[in-house]
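Novice: Please read through the structure below; I'll follow up with questions.
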Amino acid sequence: MAMVDEPLYPIAVLIDELKNDDIQLRLNSIRRLSTIARALGEERTRKELIPFLSENNDDDDEVLLAMAEELGGFVPFVGGVDHATVLLPPLEILSTVEETCVRDKSVDSLCRIAAQMRDQDLVDSFIPMVKRLASGEWFTARVSSCGLFHVAYPSAPEGLRTELRTIYNQLCQDDMPMVRRSAASNLGKFAATVEPSFLKTDIMSIFEDLTQDDQDSVRLLAVEGCAALGKLLEPQDCVAHILPVIVNFSQDKSWRVRYMVANQLYELCEAVGPEPTRSDLVPAYVRLLRDNEAEVRIAAAGKVTKFCRILSPELAIQHILPCVKDLSTDSSQHVRSALASVIMGMAPVLGKDATIEQLLPIFLSLLKDEFPDVRLNIISKLDQVNQVIGIDLLSQSLLPAIVELAEDRHWRVRLAIIEYIPLLASQLGVQFFDDKLGALCMQWLKDKVYSIRDAAANNVKRLAEEFGAEWAMQHIVPQVLDMINSPHYLYRMTILHAVSLLAPVLGSEITCSKLLPVVVEASKDRVPNMKFNVAKVLQCLIPIVDQSVVENTIRPCLVDLSEDPDVDVRFFATQALQSSDQVMMSS
């Protein structure tokens, strides 16, 4: 009996679980749809499972979202492209629900299925569905339909194409702002499929209507359309139709629209080309940099380097630099922070002289900004300036500020400085580094914040790699090893960490003569945390030193630690001994 009932079992379980009050059970069954479809076979999936899903009007959005996602990959389970049309009814219903994310996922799935469907099926089934959604009584259906036109249009015959363009035009003039928003955001995708002859007439007239919409939420989506349409039009048409719209949008009464222009400006410049950018968009950009809304200034400031790259250095100095100076003292810390994150990139664009005269004072004022994020953003990009002005000038002008920031009260600023030190060291050279920055590197090893001490230990290792073992023996190793006598065990642990990082760089000889005795001595420390860290460090040193050193020095120390009263010390010492046994066996 069980054998006979077996094929019915999966569908019975699914129906039971889909009607269960527990949402998790309903969700699990929906996510197992592909498994159930395989068990049922293609024909029963088409005749039983899909109709059941079409009738199932679950009220939980999470279940509907999972269903919309699953159905997008269901073409192989219903018998391939020949039967793909059976998947349209349940997804059409899901495209009309109230929850936005369910509708969006349904539209995605419909697009995935349409990409696999035959042209005739698209004309017979998919396009009628798009038309039904576009004329739906409830706005949700009309919103969803806007995302399907670009899939339906290419396979439609001539007469149907005209009808689809007319319907899309009507959607762009819909009474509901949500529908117009959806039409505006999908216009670029639809325009890419329309024939060039209709692009200039039908699509541009739709676009112009959207740019004059009374809702700012529709107009700001039309800004994105500017860049998309600009790439499809000929350069002269782009200047004639798109450029005036961009210039008007940059003066729009809604700050959200101006913000969108500032955010998309670089893409808009690429759409209209270099000449119109210089003549028309520079004044528009200057207006955005001086906008009375901080959000607009933030977006515009973040694009300043990209925009300057399109211009000649003379134009950038004449028009953009005065705005940059104003922004560097802006009342909003977020504007200054956005500027600080990109301003360093202006140095290569403006060249050495302009950077020294005009940009350096701005860098210095931002390096001394009261807001830590501003200082951080400048520090992290200093290498871009080095390449332009040279290390001598950098050391004279910016280095005092860097040294000051090395002791900044915000630990993240100190951390950014530490991470920049190896790069600075390689550019300054040994002599300069020893004079100015050597002491700082040692000071950080005794910082109150663990992240700084950890970064300082890594910094010491990277400096040893940069300047070589001989330099490290003179300038780093003695000072680092002195700190092992610090009264605070956390500082002593930092030194152990530094030793484990330095050993592979300095090699076997220096490790055995200088580092190992200090580690062995530390094994007698009274703090258990120190002792188990000694065991860890000794484990790191085993592959580096000779076998005789392991036998005569490291193993006896580990054996002592493995008999320690503290359980953690014994654990790590035993682990290190096992590691040394493996090394001996392999050798």
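Keep in mind that glycine also has a Cβ here, set from the backbone N, Cα and C atoms.
Pasting the relevant annotations from TrEMBL:
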| type | residues | note |
| --- | --- | --- |
| REPEAT | 10-48 | repeat 'HEAT' |
| REPEAT | 164-202 | repeat 'HEAT' |
| REPEAT | 203-241 | repeat 'HEAT' |
| REPEAT | 242-280 | repeat 'HEAT' |
| REPEAT | 281-319 | repeat 'HEAT' |
| REPEAT | 320-358 | repeat 'HEAT' |
| REPEAT | 359-397 | repeat 'HEAT' |
| REPEAT | 398-436 | repeat 'HEAT' |
| REPEAT | 476-514 | repeat 'HEAT' |
| REPEAT | 515-553 | repeat 'HEAT' |
| REPEAT | 554-587 | repeat 'HEAT' |
Novice: I need to check the long-range neighbours of the repeat 'HEAT' (554-587): which residues 6 or more away from its ends have a CB within less than 8 Å of a CB in the stretch?
Specialist: 516, 520, 523, 528, 531-532, 534-536, 538-539, 541-543, 545, 547
Novice: Per DSSP, what is the residue tally for the repeat 'HEAT' (554-587) in helix, strand and coil?
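Specialist: The counts are 28 helix, 0 strand, 6 coil.
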Novice: Write out how many residues of the repeat 'HEAT' (203-241) are helix, how many strand and how many coil, based on DSSP.
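Specialist: For the repeat 'HEAT' (203-241), the helix, strand and coil counts are 33 helix, 0 strand, 6 coil.
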Novice: What does DSSP give as the helix, strand and coil breakdown of the repeat 'HEAT' (281-319)?
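Specialist: Counting residues per DSSP class in the repeat 'HEAT' (281-319), I get 31 helix, 0 strand, 8 coil.
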